[in-house]
Amino acid sequence: MYLQRYFLYEIGLTAIIKQKLSLESVIDTDVIKPIIAELFDSSTRQKDDQIDWQKVAVGIAATRSFSLITGGPGTGKTTTVAKLLALLFAIQLTRNKTLKVQLVAPTGKAAARLTESIIAAKNTLPEQYNAGLNLQTSTIHRLLGSQPGRAEFKYNANNLLHLDALIVDEASMVDLPLMYKLMSAIPLHTKVILLGDHNQLSSVETGSVLSDICHAALMGKLNPEYSPQTARLIEDICDQDVPSRNQLKPIPEITDCLVKLQKSHRFSSQSGIGLLAKQVITGEADSVQSILADVNQESLIWHQNGSPQVFAQQYASQLNRYFSAVSQSNLEDSFNYLFEQQILCAYKTGEWGVENINYLITRELDRQGYISIEEKDFIGRPIMLSKNDNNLGLFNGDVGIVMPDPSNKQLKKAWFKTAEGGYKGVLLSRLPEHSPVFAMTIHKSQGSEFNQVYLCLPDASFYPLAKGLSRELFYTGLTRAREKFVLYSSADSLQSCIKNVCSRSSGLAQRLSL
């Protein structure tokens, strides 16, 4: 049972998606095939005759009005989008037409990261396909025209946005009402591509839209099986032989719109982190414990009886390189050392919560002589914003470091990285709400990655907190790590995570399967 307005959002979103699925695309194979071949030259081909799912994703998205590209960390979702955009712009050039594309993300932080990723991916493309990729990203709220004090957006079903293509990154974080309002505000012909990892945490608010759509498309299988028609199309334009379902076994239309990227370029499926992530997804609690307890897995460490006080002491002692860079006012090194490692907590409160861990580390840094605890805005204090400030170009989730202004050492500013790779300083008095960020919640870490992650879980016996532990929460925290994952958790808390699946009342998957 759920509120009528959410029922109406669900019905409305289903109708819009099904309308898009029913549209017939004009597919010019002679134009598309050679461009895809150029974008995926011999240097990018998969080894051992494996399917190049990035190539398949570009083919599917280019020929559909609605598509989803899902995949774990490091599977190349942004690289795929850059190649897709290059293809779409190239197709329009052959038709002497312009292409109006908008990239959006649910948060300012995610939008900024998407801009950075597109800029980086752009440099890997053949030069002739770079021209159209000077794109800026926006938050969904900003695109729709959020109006202070009003629930409705400027752009809606009665005042449509003029777009040819819309790409939504970190779609797992978009709740049901917002996804409905976004899809309602674009013309039926607008091509929509949703990007995200459907195994990650869903939105904080109502709904798990990306997960529901993926479940409808996968039909209980790990990977999609396409219709014979779609399989033939992909073989024709991408030279890829994808799995297809027998003609006698009809599949939902949504299945032909999903591509699941499977090859991680960050870590192999047999590495400690990759292997662990795979077992977490399938809910193999005993296997998860065995992998974590394996001393031969150098990238994984499990502390079952850790103390927050001892942990804070050990962590603070590892920050010497960071504070050395800070003392030299070296912004680049300071940010690099800060993001080498990150503490992630399940919650803000509690013994192993963000607030307590940040306090303990600050106290320990004072004891070790790095800072003075009496000085709130000490040099080297890492902060995370909790509100947006569009005028300053700062967003909820942005991380900065308090350091002196190079031109006036007596003046402290908070410094932030820009999408272009530079830095900007903001007077502390002008900052929106913020807090220290030696530790952050797993929710806040979505879309970020760090060389080393420390994941702290509450005691399973503390029911109010432990009841919120879930497989998605653990998977999200684990997959923020590139090289090393350190877990502070009892066996009971770990079991609670792996066994509990985040479940929300929704009929979206069922409606899309019909």
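Placement of Cβ uses the backbone N, Cα and C atoms for every residue, glycine included.
Just so you know, TrEMBL annotations never went through curation; they're auto-generated.
Spatially close to G72 (ATP binding site) yet at least six residues away along the chain are D197, N199, L261, S264, A277, T479, judged by Cβ distances under 8 angstroms. Residues or ranges marked as ATP binding site in TrEMBL: G71, G72, P73, G74, T75, G76, K77, T78.
Taken from TrEMBL, the feature domain 'AAA+ ATPase' covers 63-220.
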Here the 10 Å Cβ neighbour count for T75 (ATP binding site) comes out at 22
Around the recorded ATP site (G71, G72, P73, G74, T75, G76, K77, T78), other residues with Cβ within 8 Å of the Cβ centre, ordered by sequence, are D197, L261, S264, H265, R266
Cβ contacts within 10 Å for K77 (ATP binding site), all chains included, total 25
On average, residues of the domain 'AAA+ ATPase' (63-220) score a pLDDT of 88
In chain order, residues whose C-beta lies under 8 angstroms from the C-beta of P73 (ATP binding site), counting only those at least six residues away in the same chain, are D197, S264, R266, E449, T479, R480
